[in-house]
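S.K.: Please read through the structure below; I'll follow up with questions.
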Amino acid sequence: MATVIPSPLSLGEDFYREAIEHCRSYNARLCAERSLRLPFLDSQTGVAQNNCYIWMEKTHRGPGLAPGQIYTYPARCWRKKRRLNILEDPRLRPCEYKIDCEAPLKKEGGLPEGPVLEALLCAETGEKKVELKEEETIMDCQKQQLLEFPHDLEVEDLEEDIPRRKNRARGKAYGIGGLRKRQDTASLEDRDKPYVCDICGKRYKNRPGLSYHYTHTHLAEEEGEEHTERHALPFHRKNNHKQFYKELAWVPEAQRKHTAKKAPDGTVIPNGYCDFCLGGSKKTGCPEDLISCADCGRSGHPSCLQFTVNMTAAVRTYRWQCIECKSCSLCGTSENDDQLLFCDDCDRGYHMYCLSPPMAEPPEGSWSCHLCLRHLKEKASAYITLT
């Protein structure tokens, strides 16, 4: 069934006029908004749409100028671009003469006299002051942005030339983003690795890592240089190491054999606690006999050292050495520790090139030395692995 639309006249004349007024004001606001809009890119046609100025009002109509033309509308208002102010005084023109500073100014020269000359000089000094102020404000803004500006720019903007005075050298400014990123990475590295080597500047996450770095890098270099080139080693460098060790209250591994507590008969006094669990025996929870190093005196539980039953019984039959004091049982040296091969039954160390026949690569699985093979025979770890 069709809907019956009531006539506007039946609603009243006041209501009709109010509706027309609302419609007119809405159209006026819409047209004003469209005229003030910036051009936008149409995604379908790729054209930058802008106000077309084709909508005119009755007040814009004019009489026709050509035959058969009823109305004419005014063209779009042309706006002149702003340009530099042209000097009105014809005498205020650029100077075309070379000025000799030593010679006195001639009245017949190209420079004008009186108030015009004063105006030229004042304008020239004023322009220089304005340029200097602009340069100072630019530099201040750039410094402030480098310190406080929050957002990051591309890394490609790291180096940009800054305009300076004509007689000064050109400098380079660092982009805000690159400097900020480098500061962030540096602060993150400082936070993650707070322990710094005072000689080479290398960073570590914990103090044991820094101590290991000192011992195996700088201390070894110093000991080698003391024997070969004693005069080439700076004195303050050795003092830095000694001061660091005193503050740390830590003895390097290379000096532990000399500073270990010794009995009157010359034997090393072992520690009375486990260096791994500090006496708690966390792995088994039961009391265990400590195994002590014959060189440095450090001790450990067999369970903390991950020793097998055969290994625990074998280490008590000879002068056992911890992993840091370990040396080759054949040649007696601790050099080339990367070539040391450890027995899985007695924990003795052997250089692979000291064995007979020598080995080029470590064997796969368990390995037993010739002493354990002779003593344990079929109970050796090497036989168990093969079977």
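Including glycine, each Cβ sits where the backbone N, Cα and C put it.
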S.K.: Given the ranges 27-50, 195-218, 243-266, which one is assigned the annotation zinc finger in Swiss-Prot?
M.R.: 195-218
S.K.: Going by Swiss-Prot, Cys293, Cys296 bind Zn(2+) 2; tell me which of Cys274, Cys277, Cys322, Cys328 is listed for that site too.
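M.R.: Answer, per Swiss-Prot (Zn(2+) 2 site with Cys293, Cys296), from Cys274, Cys277, Cys322, Cys328: Cys322.
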S.K.: Labelled zinc finger by Swiss-Prot, one stretch among 121-171, 325-375. Can you tell me which?
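M.R.: My reading of Swiss-Prot: the zinc finger range is 325-375.
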S.K.: In whole Å, how far is Cys322 (Zn(2+) 2 binding site) from Cys372 (Zn(2+) 4 binding site) when you measure between their Cα atoms?
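M.R.: So the Cα of Cys322 (Zn(2+) 2 binding site) lies 19 Å away from that of Cys372 (Zn(2+) 4 binding site).
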S.K.: By the count of other Cβ atoms within 10 Å, pick out the sparsest of the binding-site residues His301, His351.
M.R.: His351
S.K.: List every residue in the same chain as Cys328 (Zn(2+) 3 binding site), at least 6 positions away in sequence, whose Cβ is under 8 Å from its Cβ.
M.R.: Ser334, Leu340, Gly349, Tyr350, His351, Cys354
S.K.: Expressed to the nearest Å, what is the distance separating Cys346 (Zn(2+) 4 binding site) and Cys277 (Zn(2+) 1 binding site) at their Cα atoms?
M.R.: 23
S.K.: Any idea what the Cα distance is from Cys296 (Zn(2+) 2 binding site) over to Cys331 (Zn(2+) 3 binding site), rounded to a whole Å?
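M.R.: For Cys296 (Zn(2+) 2 binding site) versus Cys331 (Zn(2+) 3 binding site), the Cα atoms are 20 Å apart.
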S.K.: How do the residues of the zinc finger (195-218) split into helix, strand and coil according to DSSP?
M.R.: 12 helix, 4 strand, 8 coil
